[in-house]
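Take a look at the structure set out below.
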Amino acid sequence: MLKLIGVRIKDIKSIVGKLRENHLQSHAFNRNLCCSPLRRNMVKYLNQEEAIQIDQELFNKYCFSVDQLMELAGLSCATAIAKAYPPSFGNNKVLVVCGPGNNGGDGLVCARHLKLFGYDPTILYPKAPNNQLMKNLCTQADLMMIRRCQFLNELEINAFALIVDAIFGFSFRPPLREPFGTVIKALQKDCQCPIVSIDIPSGWDVNEGPSEVDALYPDCLISLTAPKLAAKHFNGRHHFLGGRFVPEQLAAKYELNLPAYPTYECVAQLNDV
């Protein structure tokens, strides 16, 4: 009888050990799934028309406001930058180059959050639109003592440790128009530091990739909502997805196959460094 009990206890210990091993393996798998970079072919890459349609649904059906999405996008961009280029004690100077549309607005928000993260941002805004939202974002930056310039010749490009390209987004259609053609050409020629592009590298066709002679080739790309087709041509070190705000129904409708963002993060890494 004691021998029989001993065998049963031994069997139970063996079963418990196997269950524990399986649990640990499962936990490790889930952790890796959430925390490691995702392979590019898992996430859908949007063409320009799809990106516009999703944006319109977010505004019209899901009742997001422009400034609400801009705040989420800008915070995501600042977070991704902090992950890829942590602030150092040597040079925290970041130049955020903003275009005339919503991508430029994302850049203004990003600059404000970078300031809060310990960076020293400067905003280059060659052609600020005359609407209240952008005026408000500029006022916020001004009151936070963020320097804002209109002309590139006011700045020494090589004084910055990082350039944020927030010039054109997914609504861009070639050709480049002034003053941004001159700005992009100068950045391409004179910039010796890494460039971070928000959603689309400036000078790139949204569907086809680099389309202009004077296109930027960033070290880091931060895709918003979902990566665009142009991102398949990106060969830089860091590719992030920002904007943890897409409703599940909308993601399912467009088969976005978005990543499971790590824990409470607002960005996910899409490539191996």
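Our numbering is plain: 1 for the first residue shown, then up by one each step along the chain.
Even glycines carry a Cβ here, placed using N, Cα and C.
Going by TrEMBL, these are the annotated features:
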DOMAIN    51-258  domain 'YjeF N-terminal'
BINDING   N102, N103, G104, G105, D106, G169, F170, S171, F172, R173, P174, P175, D199  (6S)-NADPHX binding site
BINDING   N103, D165, S202  K(+) binding site
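A straight line from the CA of P174 ((6S)-NADPHX binding site) to the CA of N103 (K(+) binding site) spans 16 Å. Other residues of the same chain near the K(+) site, with their Cβ within 8 Å of the Cβ centroid of N103, D165, S202, are V97, G99, G107, A166, I167, F168, G169, S197, I198, D199, I200, P201, L216. In this structure, F172 is the one among the binding-site residues F170, F172 with the smallest number of other Cβ atoms inside 10 Å of its Cβ. You'll find the Cα of D165 (K(+) binding site) roughly 9 Å from the Cα of G104 ((6S)-NADPHX binding site).
Non-local neighbourhood of N103 (K(+) binding site): A166, I167, F168, G169, I198, D199, I200, each in the same chain, at least six residues away, with C-beta under 8 Å from its C-beta. Cα spacing between N102 ((6S)-NADPHX binding site) and S202 (K(+) binding site): 14 Å, rounded to the nearest whole number. The 10 Å shell around the Cβ of G104 ((6S)-NADPHX binding site) contains 26 further Cβ atoms across the protein chains shown. There are 14 other Cβ atoms within 10 Å of the Cβ belonging to P174 ((6S)-NADPHX binding site). Long-range Cβ contacts of D106 ((6S)-NADPHX binding site) within its own chain (separation 6+, distance under 8 Å): M70, A73, G74, C77, A166, G169, I198, D199, L224. When secondary structure is read from DSSP and collapsed to three states, F172 ((6S)-NADPHX binding site) falls in the coil class.
Between the alpha carbons (Cα) of G104 ((6S)-NADPHX binding site) and S202 (K(+) binding site) lies a span of roughly 11 Å. Residue pairs drawn from N102, N103, G104, G105, D106, G169, F170, S171, F172, R173, P174, P175, D199, the listed (6S)-NADPHX binders, are separated by up to 22 Å at the Cα level.
Averaged across the domain 'YjeF N-terminal' (51-258), pLDDT for the predicted model comes to 94. Under the three-state DSSP scheme, D199 ((6S)-NADPHX binding site) falls in the coil class.
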